[in-house]
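What follows is a short report on a single structure.
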Amino acid sequence: MLSISILKLLKIKDCITLIGTSLGVIALICAVVGSRDSISLGFFLISISLGTDLIDGYIARKTNTVNEMGKELDSLSDSLTFGIAPAILSFQAFKTGDLFDIIIGIGSICFVFGAILRLARFNISKNTGYTGLPTPISALLLIAFFYINYFYVLAIVAIGGSSYPLLNLSSYLIPIFLILIGWFNVTTYIHFKEKDKPLYVAFIIVAPLCPILGIIGLSQPNFIISIIISIFFLCVFLLILIIIVRGFFFYLKTKRNLPNLSS
């Protein structure tokens, strides 16, 4: 195995995974640039990588090419694309320029830790289903939170406003959200079935809509479109919170049947 060229080991699904990884790296570069538009582009690229995450899994199952290398590659890619990149983008998007940024930084670190630890546990877990919030969904939660604010600001600007109370509030809420999401990733009190159809259907519908509506909103930055898209992302945010609550109740329902779920 060690003497085999890495290129010969790569399957089609792995190439799709690497495309998602590339999008995550570009998103990190956007975060380093730090402008409002580059941060928006970074979140946009992560929303596209949600699609590549769906596609590589689908191809792996259909072509029967699920293997250990693909599993490790997928986890490493997810830790970058759905863990590190969203955390740094969120820090750049909501930083206040004062000492409170330290708190936001701590929240960002907690988010990354949650994503990486969740992926590591998933790789060694023998339990059926999914324990903790999957990292693509936690990334989608941050994408929704960012775009609620982003298109809200565009709507205010479109009518000549210069005050953004929601954005100011969000800057103080973001560290709480980052820490909570990190906890949602690793907690054993949230559980989903291995083939959770409502969760899968919701994700497969919402994930493609995020970049599509992002393009529409950026190409037509008027008040009506911006406020509608902001409300859409608010609905996505609330939908994910409902999914999290649903996962908690599913844990309670199966606790007696799965006594080792929290082990």
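Just so you know, glycine gets a Cβ as well, placed from its N, Cα and C.
Features reported for this protein in TrEMBL:
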- 12-35: transmembrane segment (TRANSMEM)
- 41-61: transmembrane segment (TRANSMEM)
- 99-120: transmembrane segment (TRANSMEM)
- 140-160: transmembrane segment (TRANSMEM)
- 172-192: transmembrane segment (TRANSMEM)
- 199-218: transmembrane segment (TRANSMEM)
- 224-252: transmembrane segment (TRANSMEM)
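Of the recorded ranges 99-120, 140-160, 172-192, 199-218, the transmembrane segment (224-252) has the largest number of C-beta contacts under 8 angstroms with 140-160. With a cut-off of 8 Å between Cβ atoms, the residues of this chain six or more beyond the transmembrane segment (172-192) that come close are 87, 90, 94, 100, 103-104, 106-108, 110-115, 117-118, 121, 129-135, 138, 141-142, 145, 199, 244, 247-248, 250-251, 254, 258, 261-262. Listed as Cβ neighbours of the transmembrane segment (140-160) (distance under 8 Å, sequence separation of 6 or more from its ends, same chain) are residues 36, 39-40, 43, 46-47, 50, 86-87, 89-90, 93, 111, 166-167, 170, 174, 177-178, 181, 203, 206-207, 210, 214, 217, 221-223, 226-227, 229-230, 233-234, 236-237, 240. For the transmembrane segment (99-120), the residues of the chain that approach it from at least six positions outside its boundaries are 75, 78-79, 82-84, 86-88, 90-91, 132-135, 138, 142, 171-172, 174-179, 181-186, judged by C-beta separation under 8 angstroms. Outside the transmembrane segment (12-35) by six or more residues, the chain places 41-43, 45-46, 48-49, 52-53, 55-57, 59-60, 63, 65, 69-70, 73-74, 76-77, 80-82, 84-86, 88-89, 91-92 with a CB less than 8 A from a CB of the stretch.
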